[in-house]
Amino acid sequence: MGLEILFATTNEHKIREAEAILKDFGIMIKPIATEKIEIQHSSLEEIAKFAAIQAYVKVGKPVAVEDSGLFIEKLNGFPGPYSNYVYKTIGLRGILKLLEDYKDLGSRKAVFVAVVAYALSEANVMIFKGVTEGYISFNIRGSGGFGYDPIFIPYNSTKTFAEMSIEEKNLYSHRGKAFRALGEWLIKNINLFKEIKEKAYKGF
């Protein structure tokens, strides 16, 4: 179909994961380097929506933004929407330290959530959510992926995300689920997408 969408990120890992999913729908990713403006909020949906609107204002064209969070049951959902900040401060070892009293895998349940916000305009933002349940490992494992991937084991697997190839990770991944939902929506609403594209993308 030759569709192409803008994705506001410079994160090569996110780009590759999104490309691997959307190529199955005949959709290509065009990454754009625009500063991601985030608000402090308890809702990933609101954070992603705000960032998508700000990105749309800057580029003047429909654009996708992705935000994700790791919600750990025994830590009352921490780090949740603050996952990026927590990763940069206490890091993976800090998370493992907080869970050191929980000795069995069943007590280390966690949920990875990804939200893709696709801004068609300032007033029209589509939200696509992906959720993956799993556990926090007892140690850092694997060299692939990024962020919390080396300590997250999805249900029905013995590997952390960081021990998987992109293709294998996308079978479980919260981000993969969110981008798959976006791809399904774009194909289902192809005429709307083309109409918006004609208005906003001259020569696209």
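All residue numbers here begin at 1 and follow the chain in the order shown.
Cβ from N, Cα, C; glycine included.
TrEMBL labels come from automatic prediction, so no person has curated them.
Quick look at what TrEMBL lists:
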ACT_SITE  D67  active site, proton acceptor
BINDING   T9, T10, N11, E12, H13, K14, S68, F146, G147, Y148, D149, K169, H174, R175  substrate binding site
BINDING   E38, D67  Mg(2+) binding site
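Separation of the C-alpha atoms of H174 (substrate binding site) and D67 (active site, proton acceptor): 11 Å, rounded to the nearest whole number. With all protein chains in the displayed structure included, the most crowded Cβ environment within 10 Å among the binding-site residues T9, N11 is that of T9. Classification of H13 (substrate binding site) by DSSP places it within a helix. Taken residue by residue with DSSP, H174 (substrate binding site) is part of a helix. The DSSP secondary structure for D149 (substrate binding site) is helix. Cα spacing between T9 (substrate binding site) and the residue listed as 'active site, proton acceptor': 10 Å, rounded to the nearest whole number. Among T9, T10, N11, E12, H13, K14, S68, F146, G147, Y148, D149, K169, H174, R175, the residues given in the record as binding substrate, the maximal Cα to Cα distance rounds to 20 Å. Rounded to a whole number, the C-alpha distance linking H13 (substrate binding site) with D67 (active site, proton acceptor) is 13 angstrom. A count of other CB atoms within 10 A of each Cβ picks out H174 as the most crowded of the binding-site residues H13, H174. For D149 (substrate binding site), the count of additional Cβ atoms within 10 Å of its Cβ stands at 22 [all protein chains shown]. If you take the Cα of D149 (substrate binding site) and the Cα of D67 (active site, proton acceptor), they are about 15 angstrom apart, rounded to a whole number.
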